[in-house]
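Going by TrEMBL, these are the annotated features:
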{"type": "TRANSMEM", "residues": "6-28", "note": "transmembrane segment"}
{"type": "TRANSMEM", "residues": "166-184", "note": "transmembrane segment"}
{"type": "DOMAIN", "residues": "239-285", "note": "domain 'PAS'"}
{"type": "DOMAIN", "residues": "312-363", "note": "domain 'PAC'"}
{"type": "DOMAIN", "residues": "376-601", "note": "domain 'Histidine kinase'"}
{"type": "DOMAIN", "residues": "621-737", "note": "domain 'Response regulatory'"}
{"type": "MOD_RES", "residues": "Asp672", "note": "4-aspartylphosphate"}
Amino acid sequence: MLNGRLSTQVGAVFFVSIALLVSMMSWLQYRSLTEELPAQIEHEAQQHTEIISESIANNVLYKKSFPLWNQMKKTMERFNSDPLIQMDSFAVVDEHNRVLAHSDTLNHPLLSSLKLGEAQLAWNENTLTVVTPVLHPLNSRYLGSLAISFEASAIEYKLDQARDEFLLFLLLAFVLSSILALGIRQRVAQPLKELKALSSLVGTGGLDSSAFHAKPKELRELADSMQASDDAIVGKSREIKQLATVIEQADELVILTDLDGIIQYVNPTFERISGFSSQEAIGKTPNIVKSGEHDQGYYTRMWDALLEGKAWRDDFKNRRKDGSIYQVTQTIFPIKSDDVIVGFAAVQRDVTQTRLVEEKLHHTDRVESLGVLAGGIAHDFNNLLTAILGNSALALKKLDQTSPAISHIESIEAASHSAADLCRQMLAYSGKGKFIVKPVNLTTLVEQMSKLIEVSIAKSVVMKYQLLEPLPMVDADVAQIQQIVLNLMTNASEAIGENSGIITLATGVMHAESRYLYGSIGDDHLDEGRYVYLEVSDTGCGMDAETQKKIFDPFFTTKFTGRGLGMSAMLGIVKGHKGAMRIYSEKGQGTTIRVLLPESANQKWLEKDDVSTPVLQHSGLALVIDDEESVREVAEAMLEDMGYQVLKACDGIEGLAAYRERCDEIGIVLLDMTMPRMNGEECFRQLRQIDPDVCVLLSSGYNEQEATSRFAGKGLAGFIQKPYTPQQLSEKIDAIKTG
């Protein structure tokens, strides 16, 4: 019934209420009747009995039985017309208890003995018997007794009447309840049914309360309230949908947890980056992406801040489903309801690639800083070596072949050439070295170095070769590539140490995709394509992740006697060859280093005759402009040996002044690139203004490409790199003059 219609419920409640009220009133009436009617009947019966007793006193006194019986019969007939009380029987006895008159003459004949007892009232069901004495009318002497039995039919009548009234009232209540229920159904239930249909549209945006404007005020206000709720819910739903769309489409990872840290929601970006689906993540804790890179103290500080209601911001490392690490910058903050924390939200941005780029840039900055230092030192050394080699060559030329000084000068030359090689390595590290580039077959190069390789490694190490033949050519400087091979072999041997181990040297060719190259170390703008590789693997101690991050840092070394320039210098060489390096290593599992060099467009090995040509004689006036006095002096000697007269200038300003004075006589200008006050570039520009046909041979401790890049198309006659010998200077001048 509680789930039934409102009209039925109201009607039932009304009916039950009326029924209870009527029942209560009927019960009270019934109780009143059951208590008052017997007393009323007793009172009337006793009065009637006493009156009758007085009226029959003479007949009893004189023992007139028949008149007495006749009188009582008439009295009985008179009583039977009373609806309240009726006489049922009577008995009259004298003072000796002998019957004088009885309504039942058959069973109680005249003068038969019948003891009535003293005055009394006695009920037997609905029959009331009243016994009263008959007294002498004059002296009140006891003459006998009168007993009358009254039938109290009024009690049943009154009770039946009360019951009929109760049923009538119940029927009336039922009729009224039905009418009320019908009215409620029409006036209340039907509008409520319409309101119910209207309420089902709340939040859909399709609710229209205008149909209720003609309804009663209360219903109209309720419908308008629903309309307002619908508008508000639709507006909020739109905002929530927009917010949900933003979260779903955001590039940031979004994670929501409850107060216990159990994940309740993750957005698609979390699924894409972490590799965990929402089904796998929801119901778990964020430990599913825990990287192990942060100590317990970190988490303690974080939770302390969050539980205090503060936001937590930092960089953080997580682990993907496949085990790889990704780095995020994150903000975690508590979610509050009524100022009580009910959960937590984390918004994370994947900065893995950004951090890799920053790390590369940081490393590049360090390497470039050292490169600037190394390049500057090499440049200055090349100036010194120019003087040493030039003077040594001139001395050897002038000495008698039997002179004991020749061997010493040759030793000076050999040491100077070694120093020049060192300078070339330093310039290679700085990216400013001069590479003698030609097509090179790495397999052939390794085979030619096999003897040198085997004496460079420990005797306990087994050497294995996996050389591909035929192998495409690469454009490379042979000396620099040899240096890379020896450095890699030395490092591999030292990683194995005194233990037994295996070093494998392999060559091959592969197609390198952009993604593969991006994960390599080297030039940041390598093109996808075919690359020849040189790979060295060892079974040594290996490197942990922290060591791998530092091996290309300048001066970093794990060797007690190491100088820390090995890997960083190699990286400079590889970058200079437009190549890259990849490292695979685990602690205790050995190391593999692969050097990738782009395949050469020219697949023929170009050999150049290294036969020296005699120094040709020249004439005329030459101008040497250099800030190093030793270089000016040796250049003067070399040029004079060729037949030139020489003018010298210590910088660009002095050189311009000298050239203005004798420009018609000067046949060639030997111009240094780096000088104080006015550098070689500005000096060359102003020389060209004086004489557009001026013949300038540029000299520098840096490589030709680095030094001449700003002179392209401006009429530079030639370039010679320091240190140079008289032979090399002569060949350059001859090439200019004959070209």
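Cβ atoms here come from the backbone N, Cα and C positions, even for glycine.
Most Cβ pairs under 8 Å with the domain 'Response regulatory' (621-737) belong to 376-601, among the candidate stretches 239-285, 312-363, 376-601. Its own atom aside, the Cβ of Asp672 (4-aspartylphosphate) has 27 Cβ atoms within 10 angstroms in the protein chains shown.
The domain 'PAS' (239-285) scores a mean pLDDT of 88 in the predicted structure. Broken down by DSSP into helix, strand and coil, the domain 'PAS' (239-285) contains 22 helix, 10 strand, 15 coil.
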